[in-house]
Amino acid sequence: MLSSNDQKLEKLDSFYRPPVSKQRTSAEIISEARNALRTVRTQRPFTPREDQRKLFGPASSRSPENRPPSSFSLHASSFELSDSKPISGTRLRPLELKPKAPASPGTEDACLSFPKAPLDPAKIRKISGARARFYRAASQGMLLPDRSPPAAHSKTVDESSKPVSVGSSTARRNGTHLTASSATGQLKSPPLLTCDQGFQETTEQEVSLLSQLRRGGDPGKRRARASSCPSSSDLSRKETRAASRASSQEQETDTEVDEVFWKARIVPILHELENEEDIEEMCAACTQLHRTLEEARMLGKKFKRRTVLLKALYKLVDADSDPLSLKLAKLILALKVSGKNLLNVCKLIFKISRNEKNDTLMQEDNILESLLEVLRAEELQSNTEAFLYCMGALKFVSGSPGFLTEMVNKGAVEILAQLIKEMTEDTEKHGVCLPDSGHLLVQTTATLRNLVDSPLTRSKLLNMGAFPHLCTVMEQHADDKDICTNIARIFSKLTSYRDCCAALASYSRCYALFLSLLNKYQKNQDLVIRIVFILGNLTAKSNQARELFSRETGSVETLLTLFQSFYHHKENSPKLQLSEAKPQAEAEDVLVKLTRVLANIAIHPRIGPVLAANPRVVGLLLRTLESKSLGDCEELVINTIAAINNLSFYQVKSSVLQHRKLYVAELLLRLLVSNNMERILEAVRVFGNLSQDHDVCNFLMQKNVHKFMITLLEAKHQDICFSACGVLLNLTVDKEKRAILKEGGGIKKLVDCLRDFGPSDWQLACLVCKTLWNFSENITNASECFGDDVANTLLILLSTFLDEELALNGSFDQDLESYHRLHWETEFKPVAQQLLQRIQSHHSLLEPLPVPSF
């Protein structure tokens, strides 16, 4: 006789899925999500690597005549000297009230000469040799003097060739007295380039004074001179003029120091470049020149001899050597050229970067820093074309793994993001795009697309809040397919990561933007597939994204229109040869991504029932299953079944699937006869939802599906065992069908699942206990119901698993441990306790006596 507690247990109904209207705990929601609703994953669309490095690849929407060229010729004559004039830092002297008499020819300026007139073109044509031609032309008056003297044009400056007098405290150079504490003997130095068509010898005194003169003479005197200047409020007009003259004299001294440094240190290197024939030696000389100028702080625009130096560097471009040109370009950029020269040097680097073999060369020369400095320091509006080729070079090298980390560490992400922000703000301000800004944005977004492979890039973009700016670019340039495709590729990569996906999902304007682009580019597979992939990522990870997307007008209709269009394209295309099958495969890939979005948004409790009641949605999904053979487009079939599975979860009267449930079950039967376990798993999941209906259960019994479910319990695959057990649970709700568990050793296989997966999967353990509970509803003897061995095994397993210390003594991290405890306490424990009590109350440890023989 059963106790009162046992009688109460016996009155419990069979386990089945609770009605949707019943309030559920969080554990039940998680469990149901595993049973019926789940998001669908898919691969990111493949972007093939372009064979050639060009500004715009073969897939570009720009016609060749409407885009900047990737191939061009570049020579020394392409550069301009007008840009090379240095910025003067000299302060003008106050005007003297009394006129001064003209200086005599013997005064300090007598050594200077006026600039010579340009050479006769006929003479220039007679000069042969690239480098020799430059240096002869440079020495015949092309090197501009510091000041304009009254002397004759062709007169050689005598004072410039005189040695510094030994023992004198003053060294006279070009008519200017330079202070020096001492000077020692005279030794030969490398020849110097002078303004009278030749090189001259330099004395050691000139070289020995450099270090002191570069510091401005005697430090004590400089400090005394500086400290002796009174405040401006106390100066009389006379004192002001005196102070101004003192400052001017100091600047003149610095100028003369630069002149000595130029002749002693720079000209010898230029002389070497003139006479050297070996490219490696010329590269070494360029490196030495760059280092020397950097040490002397002569880089930038204020160097007086900058014009002469730049002209020398421009001439060397004709050597047509990538290693040499790269070093020249780096030095020219360091001299802060602008205008056409900046454009040409960026073109020069772009030209070099087109050859992938030069990547190592560019990395060794650290050209990245120079390119990024152009983008960081120069003005965008006046240098858009230069930025274009600069960014093109960065795009090429950013695709090389060796440059990725270096570019990110050097601030490339911040520079690109700021550039994008600046262009979007200018467009918003003026209402029109800057000239060539579209071309520049193509290169910028393509570069950023390569950089987002770095985790540090993703972190920086999140911290900068760059996603809205990228969306704004797509809005402003919606007619530019190249820009939209690049940004779609960026978001395709970023939304594959949870934090980036959440950031974009929270930007509510993105959904209307994506839908607008889908409607605009319906026939452009390359763009459509990426936007749909992004929407699939957003709706897979965020219920808010499902809600926001579904609220947009025409959201579902847009998906269905695309689905129907690409479905017809796929179905109406004849069977193609392997080489011609690419468009057909791309159409299938779009359908894969579209079914994924439908499956994901169906998880939302408000959207799911609406989709299930939409005949067009269900019709397209079923038509896909009808037309696909088992060997055709594996992923599309699986995603379609997953979408049907999520829709079949909603047991509402308006559901089209509920009205066609038997037809759906028949379609799914053929998927069970497959070697693909993923297909089988998806089909079994749908049966788990459909088998809640009595008619479907009868259909499954007629087709012996229950036997297949019992066989699947041996799969040793948790998800397959879970889904198969769910179908058996629904079948055993009917008392007449409970005996099926005895077929094929079903009871023992269920107990084996409990033993194998229980400690790691309390949801599966709960499902097994529910199925055994249904099976044993009319139990009178545990041994007769389960068998002696199975009953004893059940008693041991249930007793062990109900011991909290033993059951939850797993090596899990804190979050996973909390998850396991939640399911153990709320799902497994209540059912297991009931089942254990039932077995114990109907189980005797006494062995029956043998029947005596007479």
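Each Cβ is built from the backbone N, Cα and C atoms, and glycine gets one as well.
As recorded in Swiss-Prot:
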type     : residues : note
COMPBIAS : 58-73    : compositional bias 'Low complexity'
COMPBIAS : 74-87    : compositional bias 'Polar residues'
COMPBIAS : 162-187  : compositional bias 'Polar residues'
REGION   : 1-116    : region 'Disordered'
REGION   : 140-194  : region 'Disordered'
REGION   : 206-255  : region 'Disordered'
REPEAT   : 255-294  : repeat 'ARM 1'
REPEAT   : 356-396  : repeat 'ARM 3'
REPEAT   : 401-442  : repeat 'ARM 4'
REPEAT   : 606-649  : repeat 'ARM 9'
REPEAT   : 694-733  : repeat 'ARM 11'
REPEAT   : 735-777  : repeat 'ARM 12'
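Model confidence over the repeat 'ARM 9' (606-649) is summarised by a mean pLDDT of 89. Helix, strand and coil counts from DSSP across the repeat 'ARM 12' (735-777) read 40 helix, 0 strand, 3 coil.
Taking DSSP states H, G and I as helix and E and B as strand, the repeat 'ARM 9' (606-649) has 34 helix, 0 strand, 10 coil.
The residues of the repeat 'ARM 11' (694-733), classed with DSSP into helix (H, G, I), strand (E, B) and coil, number 34 helix, 0 strand, 6 coil.
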